Amino acid sequence: MPASPPTIIEVAIPVRIDQTFTYRVPERLAVQASAGKRVLVPFGRRKVTGYVLGPGDAAAAELKEIIEVLDAEPLITPAELAFLRWVAAYYLFPLGEVLKTALPAGINLTSRKRQVAAADGSSVTEEVLAGGKRVKTELFYRSLSAPAGVTQPRGRGGEILTFLGGMEEAPAHLIRQRFGPCAPQLKRLRELGLVTAAAREVYRDPFREEVFEHDTPHILNDDQAAALARLVAAGDTAAFAPFLLHGVTGSGKTEVYLQAIAHVLSRGKTALVLVPEIALTPQLVRRFKRRFRCGIAVLHSGLSDGERFDEWRRIRRGEAEIVIGARSAIFAPLERLGIIVVDEEHEGSYKQSEGVRYHARDLALVRGKMDKAVVLLGSATPLVTSFHAVREGRLGYLELPRRVRDLPMPAVELVDARGKRGETFLPPLAAALAENLAVGGQSLLFLNRRGFATYLVCQECGFVLRCPNCAVTLTYHRRRERHFCHYCDYSIPAPSVCPGCESPSIGLLGRGTERVEEEVWELLPEARVSRMDRDTTSGKGGHARILRGVAEGRIDILIGTQMIAKGHDFPGVTLVGVVSADATLNIPDFRSAERTFQLITQVLGRAGRGDAAGRVIVQSLAPDHYAIRHAVSHDVAGFYAEELAFRRETGYPPFAFLAALHLSGTNGAVVEQGAEQAARLLQQLKGRLRSRVEILGPVTSPLGKLRGRFRWQILLKAPARSDLHRLVSAFRGAIDLPAQVRLVIDIDPVEMM
DNA sequence: AGCACGCCGACT
DNA sequence: GTCGGCGTGCTC
């Protein structure tokens with residue numbers, strides 16, 4: 001006998017409360033209200049969208065009735081729900097919020113209270129239901145044989161008719177694109193009975209306009225072929241199989257992704273490709289569209305809500321076999337998932353730091369394990385934790401040690417800049433820039449700091465210009481004649497005298513890309529110079545404009561921040577100069593050496609053209625530091641060995657697990673009290689649980705005050721993940737902070753295998 | 001996260 | 001005298 005439909009259901013609501021809710025289902029909705037669908041429910045004084053988890057327990061509390069079932073079919077499968085439950089439990093975030101994050105934005109209905117002017121002039125509060133993305137429809141035109149007595153119209157109407165005659169049918173946007181605004185003509189054609197129009201559901205496709213030429217798989221070199229063979233073998237076992245694809249820059253990792261995915265598709269499975277940032281998706285999508293004729297969907301935050309909803313629906317319906325997207329694409333509703341590729345797995349942008357604080361790189365491994373898929377982490381500079389997992393045998397190792405066509409690694413010259421802080425270009429770099437310009441080569445200059453000068457200091461009284469909201473110095477931007485806070489965007493006009501003592505002897509110290517640009521003008525006035533950083537790429541297509549300039553040879557020297565180190569191909573670049581390799585080395589973070597090594601290695605990989613290895617000059621104030629030494633000698637294994645020794649000694653990941661509790665608020669004293677209260681509770685719980693977690697703090701966050709909020713943090717270090725998780729969960733259940741103090745729990749992303 | 005209730009400062 | 005600031009509590 002079939003189970004009778006539940007009359008009581010458990011519902012997850014997207015609010016910051018760590019509990020689910022139970023509702024009654026009226027008889028008329030009983031059959032429809034199944035797990036995975038959305039329901040509109042009364043919640044407090046408003047109506048909100050919730051997610052049905054399954055049958056509920058008749059609790060003691062009085063239950064409200066659901067108002068409506070919003071979906072005909074479930075939005076998520078039981079397997080997806082299991083994954084999202086894992087995410088909620090692991091990151092200590094309410095399941096309803098996790099579900100909302102995983103689903104396309106803007107689909108939910110909520111009631112809002114609004115002040116509405118009444119007829120008599122007074123105002124009344126009115127409840128309005130808002131939200132809910134709809135499917136988009138478009139008119140499709142089709143030509144008919146002309147009815148008797150109707151002559152073919154002249155002018156634009158006739159042109160359109162001829163155009164339609166040559167094809168089955170055409171959507172309105174295509175006609176508009178070819179003929180410009182033509183609504184009156186189309187209306188006339190319909191009235192004459194020469195065309196018919198039918199509304200049809202369409203997808204808002206971000207790549208609609210483009211046509212793609214096909215290409216065929218490239219021939220692999222021996223390393224690529226060996227890597228592919230292992231991926232193919234793993235794919236055929238249909239078991240969870242995680243790999244690190246460690247390939248030097250230019251070694252052809254993407255071609256391995258493409259062919260591994262082709263194999264997965266041939267087995268009737270699907271593929272998910274994660275990329276670190278939106279700017280890199282178009283070029284990758286084009287490469288995929290040229291190779292594959294199956295459905296490819298794109299998911300990232302740069303799409304409009306409508307586009308994202310449509311891409312999501314295509315995937316949900318099984319119309320896309322490949323999904324390419326940024327971190328949130330880890331939640332893509334792909335079924336029969338065969339492979340997850342995480343490109344540039346070391347990139348920090350895989351970490352979501354608002355709302356649900358997940359790490360997509362880690363979740364790829366979790367989801368891959370649940371779905372029995374191959375997980376392929378690709379990088380030229382893998383995370384230290386990934387490298388360690390390889391050594392422990394938890395991650396398969398695929399190596400591409402050579403560049404395609406056996407292009408040699410660039411020759412790197414390390415220049416000791418100690419005692420020469422005032423000089424932007426030491427003689428070797430200045431000479432190399434001039435030589436390269438003379439022979440018509442392109443150069444890249446890398447400095448990971450934007451603006452002109454890092455800070456303003458008074459030579460008279462020692463005053464340093466700082467942000468009133470954040471504990472950082474203000475960076476001087478010459479073009480805009482202002483000092484900016486790079487954390488909160490606060491700015492003030494550049495003062496001409498010291499704001500403290502009014503002395504005119506103020507100095508601008510520390511250099512950024514803007515100043516490097518100026519100094520290149522002075523050094524090489526005939527060079528065509530451009531700069532690429534957040535200040536010059538802010539507008540729409542700002543990225544593309546500069547990249548095109550370089551590609552078309554209109555730029556001799558490109559100066560940039562880490563933007564130029566990542567992903568983009570600069571095929572004509574024969575010289576790379578690192579102005580100061582140390583800018584990122586001294587930030588107070590145990591990962592700063594790792595980040596510096598990765599950044600330098602990535603930027604070195606930009607050198608080389610055709611079959612010629614490029615030339616690289618690295619200026620450094622710390623030429624003996626192991627991160628810089630190993631980066632310039634391309635000694636990846638050497639760096640990891642030293643970094644792992646350092647991590648072992650200091651007790652950082654992968655030899656310990658971390659969590660951070662961030663407390664913030666506008667009242668410093670209250671936040672500090674909250675932090676102390678939290679630390680005391682942690683100590684108590686630690687004793688009770690006999691936990692081996694180390695509790696550091698409370699301490700003020702590195703930035704103390706950020707964007708006007710006071711910040712304190714408590715760091716937790718544990719030898720085992722389970723230990724850490726038990727303590728933090730217990731803490732979260734027990735803590736009762738004043739409402740002004742906001743608590744954010746950051747479970748540090750470390751290896752998940 | 002909203003949303004309303006509630007209790008203290010500067011305004012028509 | 002009220003408008004409105006945000007501190008506090010609640011949501012099946």
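Cβ coordinates are placed from backbone N, Cα and C, and glycine is handled just like the others.
With a cut-off of 8 Å between CB atoms and residues at least 6 apart in sequence, the same chain places A:Cys458, A:Glu460, A:Cys461, A:Phe463, A:Pro504, A:Ser505, A:Ile506 near A:Cys498 (Zn(2+) 1 binding site), listed in sequence order. The feature Zn(2+) 1 binding site is assigned by TrEMBL to A:Cys458, A:Cys461, A:Cys498, A:Cys501.
Taken from TrEMBL, the feature Zn(2+) 2 binding site covers A:Cys467, A:Cys470, A:Cys485, A:Cys488. In the three-state DSSP scheme, A:Cys485 (Zn(2+) 2 binding site) is classed as coil. Sequence-distant neighbours of A:Cys485 (Zn(2+) 2 binding site): residues of the same chain at least 6 apart with a C-beta under 8 Å from its C-beta are A:Cys467, A:Asn469, A:Cys470, A:Val472, A:Leu474, A:Thr475, A:Ser491.
As annotated by TrEMBL, domain 'Helicase ATP-binding' applies to A:234-400.
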- Message: I need the neighbours of the Zn(2+) 2 site defined by A:Cys467, A:Cys470, A:Cys485, A:Cys488. Which other residues of that chain put their C-beta within 8 angstroms of the C-beta centroid, in sequence order?
- Response: A:Pro468, A:Asn469, A:Val472, A:Leu474, A:His486, A:Tyr487, A:Asp489, A:Tyr490, A:Leu706, A:Arg707
- Query: What other residues of this chain sit with their CB within 8 A of the center of the CB atoms of A:Cys458, A:Cys461, A:Cys498, A:Cys501, the recorded Zn(2+) 1 site?
  - Reply: A:Gln459, A:Glu460, A:Gly462, A:Phe463, A:Pro499, A:Gly500, A:Glu502, A:Ser503, A:Ile506
- Query: Given the binding-site residues A:Cys458, A:Cys461, A:Cys467, A:Cys470, A:Cys501, and counting only Cβ atoms in the protein chains shown, which has the most within 10 Å of its Cβ?
  - Reply: A:Cys467
- Item | Spatial separation of A:Cys501 (Zn(2+) 1 binding site) from A:Cys488 (Zn(2+) 2 binding site) - C-alpha basis, Å | 26
- A:Cys488 (Zn(2+) 2 binding site): tally of other CB atoms within 10 A of its CB: 16
- Task: Tell me, roughly as an integer, the mean pLDDT over the domain 'Helicase ATP-binding' (A:234-400).
- Result: 94
